[in-house]
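Inspection log for the structure reproduced underneath, given as structure tokens.
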């Protein structure tokens, strides 16, 4: 209600009570005004009543919610289901216009304002997370892979001769397919083994630039967040190479916002060399449903070019989800989550180390990877590949998600390219291993439950191996229901594959 409405209410209810209610509303409105004025994430999270008031005020600015609106066009924000309308807080028009995903819609002032304030808040959080000199970003309603494709397609117009993208190998399908979908030829640079870690081969990158010719290279496509034993690419050195040869540099920062180390690498790379854009997932970094990403960079005009490359309007759902989440958390709440994630990484590392030693295994030494860990499975691999993949299926059937078992020597073809040792990021890693990661939102009980179930699975496999050894390899023991299910999971045509699968 506005001031006139409150004044009218004083004729029906005691003026003292009405003034008290008016002051309460003003406290909500004060938070909203500060948000719109500053465009930054509030330090302390909002309560649900303030959030719902804000969303309601925005929604009634859209034409589909006007009283007496007369729509005679083909896109008037009509929704058949009231449940669908409520699910979207009656934001129906989406964001952007046909020529620019960041443009303001005349029919949807509220949705446009939602889009602008969301991008502003996300930019503030990226700076808070460690990339202090980022100048622009926008939320795009596509996951990381397609968002990378959008970046490559934008570069196509700036580099008409370019046919190749130089890509230090990371065995994850969507980032590889993003280059194929954009119509470019990925040039795979194999990683080099340093201790247990797989690191960027800088000499091979520079040699490939010379071989292909800088004008024929669209960009270098590097990676920060990744599964151990691969570690983040040497971003600073790659950025210097890109600057020296005037080659664009696109960074896949999929779940790197939650890691101060990954964000520091991006900041340093931009400081000493060239980084044109970096792309990160909304769901992995902000705990919202899958379907959105953030494209950010240090050159405002280039980020605007990418936003204009997006064809047509776009869903507002990812923007709405991350806006609600950030306003609920506040910057202090998000910083607390980042701090807890680091603590969980240390806890997971210590607990996994204890367990690995009990089974004559070890946690691989990958100090440059701040999110993912890997434990060797050498004692299982001595018997057969089946024991390694069996562990993966056992964990899956025991509701352990996210842990990935990586056997030796697997071969997979992705978009016509064959990768040996697929999922291990190299042709011949020395041993099979198991991955686990400490991502934002993880709790102590998650770690404890994972370690407990992994321990039970390893014990079960050891017992089975002992029985098989006693009977000279003849399997004559009774199979439990779990074992039958796990063996089904090992069959190639079954969805529950025991070997590691592409998780995004």
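Heads up, the Cβ atoms here are built off N, Cα and C, so glycines get one too.
According to TrEMBL:
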type	residues	note
BINDING	75	pyridoxal 5'-phosphate binding site
BINDING	97, 98, 105, 313	substrate binding site
BINDING	271, 398, 463	tRNA binding site
MOD_RES	284	N6-(pyridoxal phosphate)lysine
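Residue 97 (substrate binding site) sits 63 Å from residue 463 (tRNA binding site), taking the C-alpha atoms as the reference points.
Between the CA atoms of residue 463 (tRNA binding site) and residue 284 (N6-(pyridoxal phosphate)lysine) there is a gap of 37 Å.
Listed in sequence order, the residues of the same chain lying 6 or more apart from residue 271 (tRNA binding site) and placing their CB within less than 8 Å of its CB are 133. Counted over all residue pairs in 271, 398, 463, the record's binders of tRNA, the longest Cα to Cα distance measures 55 angstrom. By neighbour count, meaning other C-beta atoms within 10 Å, the densest spot among the recorded positions 75, 97, 284, 313, 463 is 284.
Other than the site residues 97, 98, 105, 313, same-chain residues with C-beta atoms no more than 8 angstroms from the centre of those residues' C-beta atoms, the substrate site, are 94, 95, 96, 99, 100, 103, 312. Around residue 398 (tRNA binding site), taking its Cβ as the centre, 16 other Cβ atoms fall within 10 Å, counting all chains.
With the fewest other C-beta atoms within 10 Å around its C-beta, 98 stands out among the binding-site residues 98, 105. The shortest Cα-Cα distance between residue 313 (substrate binding site) and any of the recorded positions 75, 284, 398 is the one to 75.
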